[in-house]
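According to Swiss-Prot, the asymmetric dimethylarginine annotation covers ARG28. If you look up Swiss-Prot, you'll see 277-332 marked as domain 'F-box', on the strength of sequence analysis. Annotated repeat 'LRR 1' per Swiss-Prot: 376-397, in sequence order. Swiss-Prot lists 402-421 with the feature repeat 'LRR 2'. Feature annotation from Swiss-Prot assigns repeat 'LRR 3' to 427-448. The repeat 'LRR 4' annotation in Swiss-Prot covers 452-474. What Swiss-Prot lists as repeat 'LRR 5' is 480-501. The repeat 'LRR 6' annotation in Swiss-Prot covers 504-524. Marked as repeat 'LRR 7' by Swiss-Prot: 532-558. Residues annotated as repeat 'LRR 8' in Swiss-Prot: 559-583. Among the features that Swiss-Prot reports, repeat 'LRR 9' is placed at 584-609.
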Amino acid sequence: MSPVFPMLTVLTMFYYMCLRRRARTATRGDMMNSHRTIVSNSRTSPLNAEVVQYAKEVVDFSSHYGSENSMSYTMWNLAGVPNVFPSSGDFTQTAVFRTYGTWWDQCPSASLPFRRTPSSFQSQDYVELTFEQQVYPTAVHVLETYHPGAVIRILACSANPYSPNPPAEVRWEILWSERPMKVNASQARQFKPCIKQINFPTNLIRLEVNSSLLDYYTELDAVVLHGTKDKPLLSLKTALVDMNDLEDDDYEEKDGCEMDALNKKFSSAALGDGPHNGYFDKLPYELIQLILNHLSLPDLCRLAQTCRLLHQHCCDPLQYIHLNLQPYWARLDDTSLEFLQARCVLVQWLNLSWTGNRGFISVSGFSRFLKVCGSELVRLELSCSHFLNDTCLEVISEMCPNLQDLNLSSCDKLPPQAFGHIAKLCSLKRLVLYRTKVEQTALLSILNFCAELQHLSLGSCVMIEDYDVIASMIGAKCKNLRTLDLWRCKNITENGIAELASGCVLLEELDLGWCPTLQSSTGCFVRLARQLPNLQKLFLTANRSVCDTDIEELASNCTRLQQLDILGTRMVSPASLRKLLESCKDLSLLDVSFCSQIDNKAVLELNASFPKVFIKKSFTQ
């Protein structure tokens with residue numbers, strides 16, 4: 001062969017690698033330019049005119065800043081035409097998620113991360129929206145009005161939520177994805193990422209967000225879906241751009257699609273003996289296990305196919321002590337659980353958050369899995385798992401006697417009677433019931449029997465009639481409680497606070513944000529400061545009665561304080577905040593948004609004196 005041919009091959013490979021590198025390192029701006037290229041090369045004929053539509057309805061979401069019975073700061077604001085755009089600033093008519101930055105990860109209530117979570121999975125929250133007409137998407141525009149840059153993934157679903165007949169198959173496809181990236185723009189923007197063409201029409205779009213790099217809450221105003229009724233024909237140039245995007249190994253659906261193959265890979269017994277296994281059999285069994293601990297679940301599936309020795313190691317139940325299935329929510333189903341079942345008999349941490357919706361996991365499939373794999377479970381994450389019902393919680397209570405950590409956050413379809421089963425889990429130390437329909441009777445039973453609770457989240461639990469009764473029971477029974485979330489509890493008073501403060505003296509974190517019935521004039525906040533010296537986080541968000549006396553008591557008694565939110569108070573002066581900052585050396589977050597006495601000049605002066613403290617002051621244009 002002529003020497004020129006290998007040289008041509010090398011040059012061709014180098015050129016291809018450059019193309020891939022260029023696609024991987026493209027900025028959002030480059031992608032938007034790429035989007036314009038695609039649009040210009042896929043012009044539709046009049047017979048296939050583009051349909052432009054705003055979201056008709058918000059059908060599911062993981063969290064929001066607002067309450068369950070109003071529209072302010074709720075995800076439901078994403079339905080319909082924009083309310084705020086193109087204005088910028090903090091507006092109640094927008095959709096806002098519950099958290100931002102890394103502040104919640106630094107709190108005493110934060111859970112440890114799961115091992116084996118693929119680096120490509122960075123989503124923290126999601127919202128799903130439906131549209132009137134099914135179309136082949138050509139563009140998805142997100143109107144961001146405050147602290148943009150949280151959206152990191154956009155998906156489309158093949159199921160039509162408005163169809164009277166359930167589909168035989170439900171598919172999710174990633175239209176666009178990117179790792180979290182700091183966006184310097186502070187003004188409102190219309191985010192227009194370059195999306196991938198898919199081969200089915202959709203009217204169900206899902207946005208996934210990561211707010212860890214944001215300086216404050218992101219606010220979304222509307223979502224616009226562009227598409228055609230018939231599948232568009234793209235030019236060769238467009239196809240090349242899309243292919244480069246699809247081949248980006250850093251953040252694509254490769255791992256997300258592995259659950260399709262997972263069922264086959266683990267069940268395959270037709271492994272060739274082969275003459276060699278790379279001398280792995282010379283290594284101690286424990287060392288191989290330690291090495292394999294660093295592999296993601298899909299990589300473990302792939303490795304299991306290489307030789308019998310590694311198949312044995314990859315199927316060892318010790319590899320599944322911690323099992324995080326949340327990254328694979330779009331593909332995980334009953335069959336997946338069935339093939340994982342034999343390998344999960346020793347599982348202690350299990351994350352099924354976001355999984356099983358739209359029929360992917362059945363009650364019987366979940367029950368079968370737990371009956372085999374539940375005996376050793378210590379931690380079970382089930383956030384937004386809408387397949388759960390009364391039977392599922394009964395199975396959890398019977399099959400998981402060692403359970404210490406249960407997260408049912410945003411399982412808002414669980415019937416109230418289901419929560420009574422939780423009282424049987426007497427070893428519970430952490431219970432998250434945020435945005436659930438737990439009722440007072442069931443909760444009182446839980447508190448009575450689960451006396452070892454250390455972390456309890458009751459944020460936005462709207463079915464509880466009297467939070468004073470709940471607070472009294474917490475104070476009487478939960479002496480080891482360290483963190484308590486009462487965000488937007490509607491009727492707690494100074495009486496409940498008194499019982500809580502006297503009974504739970506170990507509290508390190510207390511969220512009383514948007515609790516309108518608490519009044520500083522009753523002395524409730526002074527009592528908290530004097531009786532809870534270990535407080536590290538205190539949120540008194542939107543309580544307009546918080547005053548200088550309360551702040552000064554915190555400065556005198558709660559010197560370990562790290563995070564304080566007093567958004568919306570009219571009664572706090574810069575002088576009292578200075579005392580607080582001087583006394584609380586560990587304070588790192590202070591939110592004084594909409595505090596009428598704390599103007600921008602005061603914030604600048606405090607920032608200059610205490611540069612290590614992040615002082616937040618929101619604004620409305």
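Placed from the backbone N, Cα and C atoms, the Cβ positions cover glycine too.
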Outside the repeat 'LRR 7' (532-558), six or more residues from its ends: residues with CB under 8 Å to it: 107-108, 483, 487, 501, 504-516, 518-521, 525-526, 564-573, 575-577, 579-580, 582-584, 586, 591
Segment confidence, the domain 'F-box' (277-332), expressed as mean pLDDT: 91
Chain residues outside the repeat 'LRR 3' (427-448) and at least six past its termini with a C-beta under 8 angstroms from it: 63, 68, 111, 383, 401-412, 414-417, 419-420, 454-466, 469-470, 473-474, 477-478, 485, 487
For the repeat 'LRR 9' (584-609), the number of residues DSSP places in helix, strand and coil: 10 helix, 3 strand, 13 coil
